[in-house]
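A short worksheet on the structure shown next.
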Amino acid sequence: MSNRLAHVLEAKWRSGDVNTNDGRDFSSLNLDERILIGLSNAGYRIPSPVQLDAIPMCLTGD
């Protein structure tokens, strides 16, 4: 199963009461424009809660 398919299936199986993030998208994470383009081309629009927490820490080295 491809990562993209897994992402689509994961979103489909979530119930409506699950809050996956606070409305932020990948552009709010101060990622390089090339990464944002790649994410968009791959079909990723909204980061998971883990990504919202982990990406900023990775970028600062904490």
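If you go along the chain as it appears here, the first residue is 1 and each next one adds 1.
Backbone N, Cα and C atoms are what each Cβ position is placed from, and that goes for glycine too.
Residues or ranges marked as domain 'DEAD-box RNA helicase Q' by TrEMBL: 24-52.
Summarising the annotation, TrEMBL assigns motif 'Q motif' to 24-52. Under DSSP, residues within the motif 'Q motif' (24-52) fall into helix, strand and coil as 17 helix, 0 strand, 12 coil.
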Confidence summary for the domain 'DEAD-box RNA helicase Q' (24-52), mean pLDDT rounded: 93
